[in-house]
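Listed features, source TrEMBL:
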- R63, E114: substrate binding site (BINDING)
- E114, D143: Mg(2+) binding site (BINDING)
- 6-211: domain 'HpcH/HpaI aldolase/citrate lyase' (DOMAIN)
Amino acid sequence: MTLLRRTVLYVPADNGRALQKARTLAADAVIVDLEDAVAPDRKVAAREAARTALDLGKEVALRINAAGTPWHDDDVAFAREAGFGAVVVPKVRRGRELADLAARLPATLWPMMETAAGILAAAEIAEAAAATGPAALVVGLNDLAAEVGATLGADRAELSHALQQCVLAGRAARLDVIDAVMNDIADTDALVAEAKAGRALGMTGKSVIHPAQIAPVNAVFAPDEAAVAQARAIVAAMAEAEAAGRSVATLDGRLVERLHADAARRILALAEAIAERDAS
Ligand SMILES: CC(C)(COP(=O)(O)OP(=O)(O)OC[C@H]1O[C@@H](n2cnc3c(N)ncnc32)[C@H](O)[C@@H]1OP(=O)(O)O)[C@@H](O)C(=O)NCCC(=O)NCCSC(=O)C[C@H](O)C(=O)O
Ligand SMILES: [Mg+2]
């Protein structure tokens, strides 16, 4: 089954109106945030409010506060008791942290890739996350840029190595990789450009912070009609070649091998999953 994670929407757990609205929005998945979007004096109330997100009708992950903060242990206990199936773990630095957390929290753990140490340990973090279920790596460029002292330009070239490291580690562990948020909610052109750049790197989807960001990002990460037609043609060309006892084919003068047919089938499965989601 193809898990749809083109858009992953952050919703502050203490914003009841936004949580209700998330139910009706076209984001594929939701991160209910107990961390940065919630003020310290609202952490306890936010925890209780987060319960209402358990049945949003889409994939939901609870973002807890980081290890070492005053709220972490109670967040972990709450996530376990409330029965959240997926938990986003901020500021992970080593794979061992996830493995230790998994021992006391039976949930799929989605690590945030947002510390310098975490980027350097991306492979072991991705492996530890994959051991907990169909997780995703979630990139956090606000924290990463702050820690390393980077000033990001429009193309994020200053941290492109980190983005690529996340994609390589995530894909090696067969995990989805969710690109970072764009803070400028009003600039849709820049959002689309950034989403396209992330998709070109191999990102599965992008995290978003506002309803207005959902449709443009969904569109970037959905195969368009031409891509679907091309995928169908590749699968057909490969099937014809195999029926004739050949392991390679040509299509419009280009070589087609099994890996191309496999990639084409993934595109078709994604298109089918989107069509099913849109129809429901
Ligand atoms: C940024 C916001 C505070 C803006 O909120 P608001 O002023 O309410 O915006 P609007 O008036 O334009 O909202 C219009 C309607 O949309 C609803 N809304 C807004 N945001 C959301 C949302 N995220 N989910 C669901 N619904 C939302 C409003 O309620 C309005 O609804 P209605 O009244 O019915 O018309 C706000 O967007 C916000 O809080 N966004 C999320 C911020 C957040 O979660 N930040 C933390 C995650 S990002 C991060 O930490 C990155 C990472 O860790 C890193 O290091 O990079
Ligand atoms: Mg962060």
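Using the three backbone atoms N, Cα and C, a Cβ is placed for every residue, glycine included.
Sequence features annotated in TrEMBL and their locations in the structure.
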residue : record                 : DSSP (3 states)
R63     : substrate binding site : strand
E114    : substrate binding site : coil
D143    : Mg(2+) binding site    : helix
**Fill in**
In all the protein chains shown, the tally of other Cβ atoms within 10 Å of the Cβ of E114 (substrate binding site) is 25
**Message:** Suppose we draw a 10 Å sphere around the Cβ of D143 (Mg(2+) binding site). How many other Cβ atoms does it contain, all chains included?
**Reply:** 20
**Spatial neighbours of R63 (substrate binding site) that are distant in sequence (at least 6 apart) but have CB under 8 A** = Y10, I31, V32, D33, L34, E35, V87, V88, P90, M112
**Neighbourhood of ligand 2 - binding-site residues from R63, E114, D143 with Cβ under 6 Å** = E114, D143
**Request:** Over the domain 'HpcH/HpaI aldolase/citrate lyase' (6-211), work out the mean pLDDT and round it to an integer.
**Result:** 97
**Complete:** D143 (Mg(2+) binding site) and E114 (substrate binding site), compared by Cα position, are separated in whole Å by 6
